[in-house]
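**Q** The structure under discussion is supplied below as structure tokens; questions concerning it will follow.
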Amino acid sequence: MNALPPDDFDTRKASLAAAGARPDHLMLAEMVEPGARVLDVGCGDGSLMALLRDLRDCDARGVELDRENVNKCLAKGLAVVQGDADTDLFDYPDDGFDYVILSQTIQATLRPRAVLEQMLRIGKCGIVSFHNFGYWRVRFELLLRGRMPITEQLPFSWYDTPNIHHCTMRDFVALCHEVGAVMERAVALDAGDRPVRLPLPWWVWNMIGRQGVFLLRRGEGQGGEG
Amino acid sequence: MTDTVSQPTPESTSGGPDGDFETLAALARVQVDTPSSHVMHFGEDEPIEMDCGASLSPWQIAYQTYGTLAPDRKNAILICHALTGDQHACNVHPVTEKPGWWRLFVGPGKAIDTDRYFVICANVLGGCMGTTGPASVNPATGKPYGVDFPLVTIRDMVRSQAMLLDKLGIDDLLCVVGGSMGGMQVLEWAALYPERVFSAMPIAAATRHSAQNIAFHEVGRQAVMADPGWASGRYLERGTRPRKGLAVARMAAHVTYLSEGALHQKFGRKLQSRAAPTFSFDADFQIESYLRYQGSTFVERFDANSYLYVTRAMDYFDLAAEYDGKLARAFRGTPTRFCVMSFTSDWLFPTKDSRAIVRALNAAAASVSFVEIESDKGHDAFLLDEPDMFSAAKGFIDAAARDRGVA
């Protein structure tokens, strides 16, 4: 892994941000070591993979369910396998990647726990981001309107949503403990997708974080070869 | 593997004009030694060493090219044809006068854009459209090889194509692409000559022929060999031909290229130019009439022994076996980027076969993409108008060209 000179990184980052790179993607990309092998599960149109390639010189691969999105990835010159996180991760070898990323994917899987375990088997590290169901606006909707929340980020009705397993940041932390994942970093992103920098207790993060981003590492004696 | 995209109307079976067929057969016979395409000749001193141990010389390979080779030679794409295809991918066929078998996919402005890329397509070793095969004259005897021709493998076909490229001065390929048996050749190319293949696109293919597929091929071969006209493979000398046998082989194979849904949609139980069943063994149903037509036209353009040899090559194909049974070893350290494609209704080369390719490539840490195209057309979908296949292929190839610096 050959690190870029810092000024080069900053220049690239600025130009990619100016070209419309999503702030949460930039945040994820900064968590990844330069030159790493990355598997992006639920990679969508490949914009995060392209960012990892252009900003971090990563060898990025994707898994995506939707064929339209697969075609968009192909046209960007990205390697993407049309497939399903719930069934196809079993096909990947142990320790095949430095990082496995689930960027707003885990809530759409049938078995989030199994997917998380597969992620930690395939990747030396895992990065998970999701919309925090503990966010104050979500709570507000449920509390005052008594209806399942429909927001800009979660625009679906309860009966017609790909997002079948919502959780709060605290729920996710509990799952990490359950599968023995070590949390290297946890970041809450505010409504502008900027990291909340203040040192606050968990229950506050769980209120003000619209999105949670977690950098995980496999625990001792768990999965993989080492 | 169907002859054309716009398939002929079924009623053309009844009492086909034998005179026309004989003319076609004569035209096809001429193509064996003097094809209406480019031919590269290899002399006595340039044998091709085959997997069966034979060293074949002299020999020749017939090929077509489309587009223009760039001065830096970086824009060459090799197309590998399927079982009954040939080098005439997107020009009018010299025997049948039908448009090329992949004209929807390859041509000016198509997914493989011949305005940008230089496309090469060669007839396979063992074929009957100008590349040396069992219908070619054996220089040692002055008679057609017949069943004395050495058994051909997919790897032999790929070696012959590599020898052609050597002579053409093309060191490496922007992409190798093919469907079905063509996809097998693509996989073999990537395994055998990884440094010559920048990108590879195997479509509706597998790394080995399944027991079911071998079974269908065997039914076809037995039909050919059971025809007295086959004359133990020496029919060209005897002046007979196993027309019935080869037609039955083609009919059986043709069903495997379609899907139940496609057959139902196209024919259902519709009757052929009659109001009621005739209580006979005439072709009462349109599907019967259609298959009989497919069989009868095929035998006029295709050599029966070639059919035996090329089906056998597919049966023998097992890429993992060439690498100690470990498929991933075939691709270890490969610099090639892959795009694997399958079709939902293809039961001859089903999606699970393509997924096995993807799994092996992943295990070898290769750069691999996979797309499953929704289609009700069965295995033949790769030859047909499938816009999703076209757009996926175009994205993949154009991105490869961009990353390779093709102008």
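From the backbone N, Cα and C atoms, a Cβ is placed for every residue, glycine too.
For reference, TrEMBL lists these features for the protein:
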| type | residues | note |
| --- | --- | --- |
| ACT_SITE | B:Ser180 | active site, nucleophile |
| ACT_SITE | B:Asp346 | active site |
| ACT_SITE | B:His379 | active site |
| BINDING | B:Arg250, B:Asp380 | substrate binding site |
| COMPBIAS | B:1-15 | compositional bias 'Polar residues' |
| DOMAIN | B:75-384 | domain 'AB hydrolase-1' |
| REGION | B:1-20 | region 'Disordered' |
**Q** My understanding is the cutoff is Cβ-Cβ under 8 Å with a sequence separation of 6 or more in the same chain; which residues meet that for B:Arg250 (substrate binding site)?
**A** B:Thr84, B:Gly220, B:Gln294, B:Gly295, B:Phe298, B:Val299, B:Phe302
**Q** Give the sequence-ordered list of residues that share a chain with B:Asp346 (active site), lie 6 or more positions from it, and have CB atoms under 8 Å from its CB.
**A** B:Ala204, B:Ser259, B:Ser375, B:Gly378, B:His379, B:Ala381
**Q** How far is it from B:Asp380 (substrate binding site) to the residue listed as 'active site, nucleophile', counting Cα to Cα, in Å?
**A** 9
**Q** I'm checking region-level scores; what's the whole-number mean pLDDT for the domain 'AB hydrolase-1' (B:75-384)?
**A** 96
